[in-house]
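As structure tokens, the structure follows; a few thoughts come after it.
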Amino acid sequence: IAALEIMVIGKREYDTQVNGDGTDSNHNGEVVPQVTSSSPSSTPLPSPPVKAKRLRSLDILRGITIIFMILVNTQGADPFVQLAHSEWFGYTLADWVFPNFIFMVGMAVAIVLSPSKLTAMSQEEAIPPRVVSFRNGHQKRLRMSLKIIKRSILLFTLGIALAALGLIGVPKEQLWVRIPGVLQRISFCYLVLAMSVLWAPVGSASVQVGLPVVCTTLWFILTYSIQSTATEPLPGCQYPPSLISPEGDILPGGPPVRGQLSPSWCTAQAFLDTILVSQKKDPNNPVFDSEGTIGNLTAIVTAWFGWMMGSAVMEQQRQQKTDDKRLITDFEAQAAMEEERRKWEQSSEGQQTIQSGTEHRQSSLSTQVLQYRLQVQRRSSQLAHLGEWFMVGVCVMYGGTILGWFLPICKGLWTPSFTLHSAGISIIALCILIFLYDIAPVPSTKSTTLPLTGKLAHTSKLAWQKIERGLLAFGRGCAGLLICYGRNPTLIYVLSEVVKFILDMIHVDGKFDWIKSVWSYLFFNSFITFMPAPWASLIFSLVYILLFAPLMWYLNKKRIYLRL
């Protein structure tokens with residue numbers, strides 16, 4: 001459920017921010033720097049368009065995330081190991097999907113609550129109002145806080161509603177709505193992170209350092225200090241030697257040892273989940289919830305990593321704007337000098353100098369020159385920052401791996417090692433996508449191909465060109481499809497879940513006991529009849545996802561997006 005509304009709530013604010021600094025725009029939303037000469041009589045140089053800096057990689061990563069979410073949720077019998085969640089300790093590709101959702105939530109917070117917007121709020125609030133009060137001095141922040149709280153409550157309520165759908169047909173005495181969930185955790189992380197960023201001083205260490213330190217410290221304190229109050233022996237749990245009989249049996253009357261990380265029912269989170277969110281609230285029958293209480297603390301740290309990465313991207317774009325303006329200013333100065341030189345050459349003194357044998361230098365300034373300089377400067381800046389971010393992602397990922405030697409990587413507990421490992425993978429994935437889709441190559445004036453002679457060489461060249469064009473077309477098609485899914489994640493998720501729920505509710509009498517609905521009938525009578533089970537599960541899920549592709553393409557073309 002990853003992206004949902006929160007990953008797209010900042011689209012309008014983002015589009016405004018990247019094109020809201022007073023520069024001109026054409027009908028395509030492109031920033032156009034005005035390059036003119038200082039002389040009113042001169043003809044201004046045509047100015048090259050500078051594309052608005054909306055990263056396609058964000059939409060593509062969002063699309064990858066939402067597709068993987070549907071892929072994992074619709075797997076059939078015996079899927080590939082990487083497409084199924086790890087049993088407890090360990091890490092698979094399916095375990096990365098949910099943390100990447102929360103990582104994208106943090107990036108959305110960085111886009112909506114950018115430092116420039118927060119600085120503008122602070123400057124406006126610094127003007128003393130007529131009636132001095134907290135409300136008058138923080139009106140914009142209070143309005144933004146109400147929006148954040150509203151979105152969080154809406155997401156939390158939607159998560160509860162989705163959980164309640166599973167209660168259709170359940171006997172009345174067994175009705176119990178599960179409080180924790182995916183959307184609930186997303187809403188909690190978004191609320192804490194967004195409120196912290198909104199009310200903390202701009203550029204202070206309270207969010208950049210304090211938030212992850214506080215959340216991680218609380219996770220360790222709660223995990224290793226809370227002790228279960230169970231009075232009956234719990235199988236698989238560790239007990240102090242005083243509660244173990246000479247025969248090796250566990251004696252009743254005492255709690256298990258604190259700080260256990262396995263099995264799940266022996267952990268501190270299981271005890272808190274049992275007391276706070278379970279139905280029976282019996283410590284002797286602990287109930288562990290994978291989206292339970294203590295794991296929310298380190299999930300906030302995952303969102304914090306996304307916020308830090310989003311802030312770095314926004315800062316790089318702001319710096320790139322400044323560098324572009326500086327380059328354009330220098331270009332204007334050179335254009336003015338060229339204009340003055342042209343006027344001098346047209347004067348009588350200049351004509352005499354030229355006729356006397358002095359070399360006449362032609363002007364080298366043109367729109368193409370400015371375009372080339374801007375592209376080279378942007379590419380150099382982007383590659384420099386991208387290299388730094390990539391190395392940070394590698395260090396964070398391997399930091400989680402090394403920490404996992406001492407504190408196991410566990411999605412259920414959302415251990416700090418799991419947090420680091422997942423955040424590092426998300427940063428690396430984002431850097432790769434930025435390199436592939438957001439860094440434009442600089443046009444080369446030199447041919448890089450070697451001359452080919454002979455009929456065989458010519459045929460090989462044509463064949464390679466066809467293969468290259470085919471691969472490029474396939475890549476563009478895949479990227480376009482991912483963008484269509486990524487720009488409408490709420491709708492595709494809701495449609496996939498609703499259609500699957502309806503197919504599961506329609507009863508079918510099959511030849512076997514495991515064929516009880518239309519969904520199971522379709523799976524066991526399609527690809528699995530002639531393919532191995534893992535491949536059948538994968539292809540079945542991919543076909544199900546691609547069924548929505550025409551609708552997603554049409555909605556993206558018409559710019560129809562579902563938002564809360």
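The backbone N, Cα and C atoms fix where each Cβ goes, glycine too.
Because TrEMBL annotations are produced automatically, they should be read as predictions rather than curated entries.
Annotated features, as they stand in TrEMBL:
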- 17-28: compositional bias 'Polar residues' (COMPBIAS)
- 17-50: region 'Disordered' (REGION)
- 31-42: compositional bias 'Low complexity' (COMPBIAS)
- 54-200: domain 'Heparan-alpha-glucosaminide N-acetyltransferase catalytic' (DOMAIN)
- 60-76: transmembrane segment (TRANSMEM)
- 96-113: transmembrane segment (TRANSMEM)
- 148-170: transmembrane segment (TRANSMEM)
- 182-202: transmembrane segment (TRANSMEM)
- 209-226: transmembrane segment (TRANSMEM)
- 294-314: transmembrane segment (TRANSMEM)
- 340-362: region 'Disordered' (REGION)
- 347-362: compositional bias 'Polar residues' (COMPBIAS)
- 383-406: transmembrane segment (TRANSMEM)
- 418-437: transmembrane segment (TRANSMEM)
- 537-555: transmembrane segment (TRANSMEM)
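Contact counts against the transmembrane segment (418-437), taken as Cβ pairs under 8 Å, peak for 383-406 among the stretches 148-170, 182-202, 209-226, 383-406.
The average pLDDT computed over the domain 'Heparan-alpha-glucosaminide N-acetyltransferase catalytic' (54-200) stands at 82. Residues of the same chain lying 6 or more positions beyond the ends of the transmembrane segment (383-406) and with a Cβ under 8 Å from any Cβ of it are 305, 309, 312, 316, 416-428, 430-431, 434-435, 439. Each residue in the domain 'Heparan-alpha-glucosaminide N-acetyltransferase catalytic' (54-200) gets a DSSP state, and the totals come to 104 helix, 1 strand, 42 coil.
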